[in-house]
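Enquirer: Checked TrEMBL, it gives:
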type	residues	note
DOMAIN	5-71	domain 'HMA'
DOMAIN	81-147	domain 'HMA'
TRANSMEM	170-190	transmembrane segment
TRANSMEM	222-244	transmembrane segment
TRANSMEM	265-286	transmembrane segment
TRANSMEM	292-314	transmembrane segment
TRANSMEM	457-479	transmembrane segment
TRANSMEM	499-522	transmembrane segment
Amino acid sequence: AKTISKCYVQVTGMTCASCVANIERNLRREDGIHSILVALMAGKAEVRYNPAVIHPSTIAELIRELGFGATVMENCGEGDGILELVVRGMTCASCVHKIESTLMKTNGVLYCSVALATNKAHIKYDPEVIGPRDVIQVIKDLGFSTLLVKKDRSAGHLDHKQEIRQWKRAFVVSLIFCIPVMGLMIYMMVMDSQLSDAHAHHNMTSEEMEALHSSMVLEYQLLPGLSVMNFLSFLLCVPVQMFGGWHFYIQAYKALKHRTANMDVLIVLATSIAFLYSFVILLVAMAEKAKVNPVTFFDTPPMLFVFISLGRWLEHIAKGKTSEALARLISLQATEATIVTLGPGNVLLSEEQVDVELVQRGDIVRVIPGGKFPVDGRVIEGHSMVDESLITGEAMPVTKKPGNTVIAGSINQNGSLLISATHVGADTTLSQIVKLVEEAQTSKAPIQQFADKLSGYFVPCIVAVSVITLFAWIIIGFVDFEIIEKYFLVSESISAAEVIIRFAFQASITVLCIACPCSLGLA
């Protein structure tokens, strides 16, 4: 029978649903992986795999190859207790063997591996039978010293501050350059409409029109074929393409390397084609020393980047809010506990401060007034009022007397209590709530899974449609030129074929640029 293990991988750098689909699709193809569920919000992937075929670190490596950051999360074994220790004082392989064999003989230890090179011990145990302190004691008795490997409790991996900063910067850069471009565009539109009015009223000849047209400041040619308008737009567009868009380029490159297409690929495609097309057309016009200024699309990239980076920025702020709530919840957990040893007649014999991770079931824990309960438990001795508002929302303190249950994270108010630990570590109410919130972010609504699937096909479709548009208009143009003449300002200086090809290009680029901030992805 195949054994199925479960591991959690922390994934960074996911931005939207298609990233999730991308990871899930690529990992399902791998041997030894049974199922994978990726949480966009929690930044976490839950993988069920066959340990005989594949190892968690390999899984993380596979995700890294897709262009995301991935680290295996150690602290997620459900049910079994897991203990990570740093063991000092080991000199050779026989020390390792001594520790491993002694621990494996110990009742309740399920699995143990000690690495001499890193001085680390990884122990799985049954919390019903044995506790972490017993394990540490066994190793101490063999003559080695141990340290607990600290877990990161800060929920720092759920922090979106860096991304928020990054997208805010991208947005501001794009916006600064976008406003003048928009201004130029609107000015041109107003001027054009005034011109066409003038044309309608005074039946001018086309020569007079040309003269009027070139008298406009923006249409003034610096060099033959290079107008002020186009030159300014080009200057404003370059920094946006570089600074506003470099992040998209990196992500798109990584996606294409793995033959997948995501939102970033679309964005990069649309902006690069618009930019390059405009740039080439300008060069052609300058080479031809054209009298009429070519129509360029330098306004597309800045405006597109503004909208997308604004969207991403808002999205990360929203994600940050959810993650913040989770981080606050995690921060309610106590870090240390005072464990006491009781003699006959509940006489205090000794007490010691230990890490919360080292509290075992059945330990007697003393909680002083104003202290937090480190674990769930039952009161043995003492009377007090306890503020449990973090769980129940009840602002009034609750009376606790022997026999009552207490919840980890709640705050003891006026009396000292002795409690017997019933749920420790990952089983406490607070840990479970944190886990549930993370899982709620992990599990996807059916409609969302559908959307993920669609977004995988979306990009190739759009590219195909724009290519079809290009050829369709070229064919239509050569068959019936009049249709194009209606929509395209035809000037005498360029040939019909060029008009058709320019118009077809314009149409296909428009398709790309409009489909790019795909409403599906944004929604």
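Counting begins at 1 with the first residue displayed.
Backbone N, Cα and C atoms are what each Cβ position is placed from, and that goes for glycine too.
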Enquirer: Are there at least 3 C-beta pairs under 8 angstroms linking the transmembrane segment (222-244) and the transmembrane segment (457-479), leaving out pairs fewer than 6 apart in sequence?
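Expert: Contact between the transmembrane segment (222-244) and the transmembrane segment (457-479): absent, because fewer than 3 Cβ pairs are under 8 Å.
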Enquirer: Short question: which residues 6 or more past the ends of the transmembrane segment (265-286) have a Cβ under 8 Å from it?
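Expert: For the transmembrane segment (265-286), the nonlocal Cβ contacts are 223-226, 230, 233-234, 237, 241, 245, 248-249, 252, 255-256, 293-298, 300-301, 304-305, 308, 458-459, 462-463, 502, 505, 509, 512-513, 515-518.
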Enquirer: Mean pLDDT for the domain 'HMA' (81-147), as a whole number?
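Expert: Mean per-residue confidence for the domain 'HMA' (81-147): 87 out of 100.
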Enquirer: Determine which residues of the chain contact the transmembrane segment (222-244) at the Cβ level, with the cut-off under 8 Å and only residues 6 or more beyond its ends counted.
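Expert: Sequence-remote neighbours of the transmembrane segment (222-244) are 170, 173-174, 177-178, 180-181, 184, 188, 271-272, 275, 278-279, 282, 285-290, 293-294, 296, 298-299, 301-302, 305-306, 309.
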Enquirer: Using DSSP, how many residues in the domain 'HMA' (81-147) fall into helix, strand and coil?
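Expert: The domain 'HMA' (81-147) comes out at 23 helix, 24 strand, 20 coil.
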